[in-house]
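Here is what TrEMBL records for this protein:
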type	residues	note
ACT_SITE	Glu110	active site, proton donor
BINDING	His108, Cys135, Cys138	Zn(2+) binding site
DOMAIN	46-183	domain 'CMP/dCMP-type deaminase'
DOMAIN	202-322	domain 'CMP/dCMP-type deaminase'
Amino acid sequence: MTHVTLEQAIAKVPLSIQSELRTILAQHAVIDSSVVTSWLDRLSIDIGMLMIQLLPVATTYARVPISQFYVGAIALGKPKSKNQVDSGTLYFGADMEFVGQALSFSVHAEQSATINAWLHGETGLQALAINEAPCGYCRQFLYEMATVNQDFVILLKSNKTQIEQTYTSNRLPYFLPQAFGPANLGLTSGLMETAFHDLETSSTDDVVLAALSAANQSYAPYTKNFAGVALKDSHGNIFTGRYAENAAFNSSMSPMESALTYMNMNRYPQSLFDICDAVLVEVETTISQRPVTEAFLSSIAPKVDLRYAPATLSSNKLGLTH
């Protein structure tokens with residue numbers, strides 16, 4: 001897809017929601033469930049069609065200086081309440097590529113939307129809309145989710161050349177038959193489930209503590225390399241990211257990628273990555289997130305040195321008393 005600006009994309013969505021959408025996106029690329037429900041009533045469409053119609057807006061967040069191939073995705077979170085009409089919250093995602101780094105450092109739109117939802121407190125997804133079929137890498141990444149074997153579906157726009165929009169809906173096994181995932185390695189849980197690892201560090205620095213909080217909620221069942229990154233921008237805002245491990249290993253997402261994704265999707269599209277401080281907190285095991293975090297930082301903010309803070313299990317977790 002070719003690049004369009006946010007205003008150009010908003011101009012193509014139904015007129016009755018344009019102003020509200022513009023106001024929401026000035027804060028972050030998240031549309032609360034109450035707003036979603038209101039829009040569905042106003043437009044007389046289903047949730048899948050709304051997601052498809054919003055995809056061009058998500059695409060404006062894509063940073064693709066290498067491929068120039070703009071991809072967006074929209075994730076649908078789980079309903080917050082069973083006692084009322086609640087469609088779920090929508091989370092935007094978009095591709096990111098990094099000049100000067102290996103292509104394996106790229107973040108795909110499907111990953112971006114999933115991470116955006118996870119970092120906003122979601123514990124699973126109902127659906128994911130994409131403007132292109134998911135690649136094999138993303139199919140494997142999505143298969144790690146705890147809700148993937150429930151009712152999770154992937155939505156793709158059909159009849160792309162026609163004015164009237166329709167879409168297809170398929171479960172992930174349709175795209176990834178005979179899949180390998182957490183169950184093959186003896187796990188009954190998955191990515192996005194609520195977790196707290198009871199890690200601690202001696203620092204009282206606010207950026208370090210933000211990274212510690214992210215590490216405490218990270219997902220690393222295979223290596224126990226619980227890790228989190230915190231990035232501080234020139235306005236004092238702190239953006240965090242969590243490590244998201246995968247049964248296939250290569251499809252894991254580093255905490256730095258996660259933090260950059262969160263930063264990208266919670267500011268105006270194409271805003272500069274004005275990072276002035278960066279912290280990695282991790283539990284040191286047989287692997288480390290430090291080399292890849294430093295490599296990313298050298299591309300995005302070459303004048304910023306990574307601050308590294310090893311974390312340990314708290315004394316309470318170890319059964320010790322003070």
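Any Cβ shown, glycine's included, is placed from N, Cα and C.
Feature map: TrEMBL annotations on the structure.
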{"residue": "His108", "record": "Zn(2+) binding site", "Cβ neighbours (10 Å)": "23"}
{"residue": "Glu110", "record": "active site, proton donor", "Cβ neighbours (10 Å)": "26"}
{"residue": "Cys135", "record": "Zn(2+) binding site", "Cβ neighbours (10 Å)": "13"}
{"residue": "Cys138", "record": "Zn(2+) binding site", "Cβ neighbours (10 Å)": "23"}
**OP:** Using DSSP reduced to three states, classify His108 (Zn(2+) binding site) as helix, strand or coil.
**Re:** coil
Subject >> Neighbours of His108, Cys135, Cys138 excl. site residues, C-beta within 8 Å of centre, Zn(2+) >> reply: Ala109, Glu110, Gln111, Pro134, Gly136, Tyr137, Arg139, Phe141
Original post:
Cα-Cα separation of Cys135 (Zn(2+) binding site) and Glu110 (active site, proton donor), in Å?
Top reply: 9
Original post:
Taking DSSP states H, G and I as helix and E and B as strand, how many residues of the domain 'CMP/dCMP-type deaminase' (46-183) are helix, strand and coil?
Top reply: 40 helix, 33 strand, 65 coil
**OP:** Report, in whole Å, the straight Cα-to-Cα distance of Cys138 (Zn(2+) binding site) from Glu110 (active site, proton donor).
**Re:** 7
**OP:** Note the mean pLDDT of the domain 'CMP/dCMP-type deaminase' (46-183), expressed as a whole number.
**Re:** 92
**OP:** Could you break down the residues of the domain 'CMP/dCMP-type deaminase' (202-322) into DSSP helix, strand and coil, giving a count for each?
**Re:** 37 helix, 29 strand, 55 coil
